[in-house]
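Read the structure below first, then the notes.
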Amino acid sequence: MGHSAVLLCVALAILPACVTGAPVQRQHKLLLVSFDGFRWNYDQDVDTPNLDSMAQEGVKAQYMTPAFVTMTSPCHFTLVTGKYIENHGVVHNMFYNTTSTVRLPYHATLGIQRWWDNGSIPIWITAQRQGLKTGSFFYPGGNVTYQGEAVTMSRKEGVLHNYKNETEWRGNVDTVMKWFLEEDVSLVTLYFGEPDSTGHKYGPESQERKDMVKQVDRTVGYLRDSIKRHHLSDSLNLIITSDHGMTTVNKKASDLVEFHKFSNFTFQDIQFELLDYGPIGMLIPKEGMLEKVYSVLKDAHPRLHVYKKEDFPKNFHYANNPRITPLLMYSDLGYVIHGRVNVQFNNGEHGFNNQDMDMKTIFRAVGPSFKAGLEVEPFESVHVYELMCQLLGIVPEPNDGNPGILRPMLRSGSASLLSSQHHLVALLVGILTCLAKVL
């Protein structure tokens, strides 16, 4: 047997023990809470004493920039994979198949394994492979399997789930506390569908949205009281964040982006369409019709930006994925795309350019690993995954985040930095990569 083959056998023998063996010493658990659609400044026109005290006792970001496209499932998956959307593949809230033209709504898509399990490994599975137990409560992507592995503890919301029930919210918090205490879970992701639902229905500037933010704040207070009541304050780090913001929909008739009214455009030229979902649109023209459809649409409306897939702005980190169609488009802030008929009537919407301030969201963190009274500069949500891996002391999967971006918010010595065991894992992976090229 040659030297390369011997090294390969040794590396393959050692690597599983390093990855799946006893983890480095960890003292702290982690709870990631997402309040869907919580715009970065929602706490500025409402009294939020619990979020305020959390900032005083922990870390607050001026705001957090979500990934593009600013939709619920794609942005939530970025948080737990550390990847831009074009790299993790959950490119839309809706499952779609361009061959069969099947399109499934948001709730149905939550249970479609192949939509989520497409090559990226979320933090639940990474942590479990390194000896930890994890949980997901209503968090998008948390109730399917990845490479055959399921999250240790999981709950999935029903199709007709009432997002607004504050009593249920407290019950969900109680369940999560039991997971930490009775099931020895180290990581839980907890999802609430508000204030997104209220923002959609009534608009982000409405009194109803303001009232819902007060409910969110009361729930934050209940959560922090529960942590203290269960004596977890010294062993549990808490992160509260969101997926995206919200903006008011422009409903002025003369400004509507309506495909069925565009001159020289016909759906007879289209093989597949994904429209009528906020400001994002995807089209597959019929064979030989790409240039014609593109030329008709590219200047069809001053608020609509239409691109060939290969020309879509690279800074969005969105179009370079097999699931993205040959024609891709988005509209300006406040303008939604109507297809064959007008079926969108929300007063609030998201999905827009992630550089628009209305799409920015919140980040708060408190616990034994975080500094107190620190406000940090804005950052991208893609970096949160690396932070969570540091807090849990686990080796991250390959990702697009930078582990140094958020490290300054941690107390000195509190981050579970890579141990010698983790360096050995990296070394062995490097050996395997090199050997694969010569064998």
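FYI, residue positions are counted from 1 along the chain as it appears here.
Backbone N, Cα and C define each Cβ position, glycine as well.
Quantities reported herein were computed from a predicted structural model and do not represent experimental measurements.
The feature region 'Required for enzyme activity', as given by Swiss-Prot for the ranges 69-75, 118-124, 181-187, sits at 69-75.
Swiss-Prot lists T72, D243, H244 as binding Zn(2+) 1, and of D36, D43, D211, D276 the one it places in that same site is D36. Cross-referencing H28, H350, H383 with the Zn(2+) 2 binding residues that Swiss-Prot gives (D196, H200) picks out H350.
Checked against D196 (Zn(2+) 2 binding site) by C-alpha proximity, the recorded positions T72, N97, N118, N143, N264 yield T72 as the nearest. With respect to their backbone Cα atoms, N97 (N-linked glycosylation site) and N118 (N-linked glycosylation site) stand 14 Å from each other. DSSP states for the region 'Required for enzyme activity' (69-75), grouped as helix (H, G, I), strand (E, B) and coil, give 4 helix, 0 strand, 3 coil. Within 8 Å of the Cβ centroid of the Zn(2+) 2 site, not counting the listed residues D196, H200, H350, the chain contributes D36, G37, T72, S197, G199, H244, M246, N346, G348, E349.
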